[in-house]
Each structure stands twice: as C-alpha cells, then as structure tokens.
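S.K.: The structure that follows is given in the form of structure tokens.
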C-alpha cells in the first residue's frame with residue numbers, strides 16, 4: 001500500500017507503508033496559520049477529535 005505524505009491539498013509525494021500499517025489517513029484541522037493537513041500510513045485509524053475539521057481513513061493506494 002502507498003499513501004500520500006505531503007501536508008497540502010494537492011499531493012504528489014507517496015510512501016510505501018511498512019508492514020502492519022495498511023491504512024492511509026488524512027487529518028485536517030484549523031490553526032491560526034490556516035488549515036493544516038497530516039497524511040501517513042497507520043495500523044489503526046485515529047479517533048476523530050473535536051479540533052479536527054475532517055478525518056479520512058482508507059485502504060486503497062493513495063486514497064488519502
């Protein structure tokens with residue numbers, strides 16, 4: 001599985017997920033500098049927190 005890794009809405013960078021991390025995720029939240037995005041490979045989908053504006057977990061290549 002490969003997942004996007006850059007902190008932008010449009011992302012060309014991907015990484016191959018290590019063994020045991022078979023979920024791509026994308027988390028968005030607002031800061032004083034504007035919207036922040038975090039993307040990576042994870043073993044379990046993180047919980048949605050009240051500070052997040054969106055949370056996406058998926059299992060197909062570059063779906064985040």
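Just so it is clear, glycine is given a Cβ too, placed from its N, Cα and C backbone atoms.
Okay, these came from Swiss-Prot:
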DISULFID  3-24  disulfide bond
DISULFID  6-11  disulfide bond
DISULFID  17-41  disulfide bond
DISULFID  45-57  disulfide bond
DISULFID  58-63  disulfide bond
S.K.: When neighbour density is defined as the number of other C-beta atoms within 10 angstroms of a residue's C-beta, which of the disulfide-bonded residues 41, 57 has the lowest density?
M.R.: 57
S.K.: If you count the other Cβ atoms within 10 Å of each Cβ, which of the disulfide-bonded residues 11, 24 comes out on top?
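M.R.: Max Cβ neighbours within 10 Å, all protein chains included: 24.
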S.K.: Using the alpha carbons only, what distance in Å do you get between residue 45 (disulfide bond) and residue 24 (disulfide bond) once rounded?
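M.R.: Between the Cα atoms of residue 45 (disulfide bond) and residue 24 (disulfide bond), the distance comes to 8 Å.
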S.K.: Please work out which residue of 3, 45 has the most C-beta neighbours within 10 angstroms of its C-beta, and give that one of the disulfide-bonded residues.
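M.R.: Buried the deepest by this measure is 3.
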S.K.: Please report the number of other Cβ atoms within 10 Å of the Cβ of residue 17 (disulfide bond).
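M.R.: If we count other Cβ atoms within 10 Å of residue 17 (disulfide bond), we arrive at 18.
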S.K.: Take the Cβ of residue 63 (disulfide bond) and count every other Cβ within 10 Å, whichever protein chain it belongs to.
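M.R.: 16, counting other Cβ atoms within 10 Å of residue 63 (disulfide bond).
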S.K.: Where residue 24 (disulfide bond) and residue 17 (disulfide bond) are concerned, what is their Cα separation in Å, rounded?
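M.R.: Rounded to a whole number, the Cα-Cα distance is 9 Å.
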S.K.: Of all the disulfide-bonded residues here, 6, 58, which one's CB has the most other CB atoms within 10 A?
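M.R.: Comparing the disulfide-bonded residues 6, 58, the most crowded Cβ belongs to 58.
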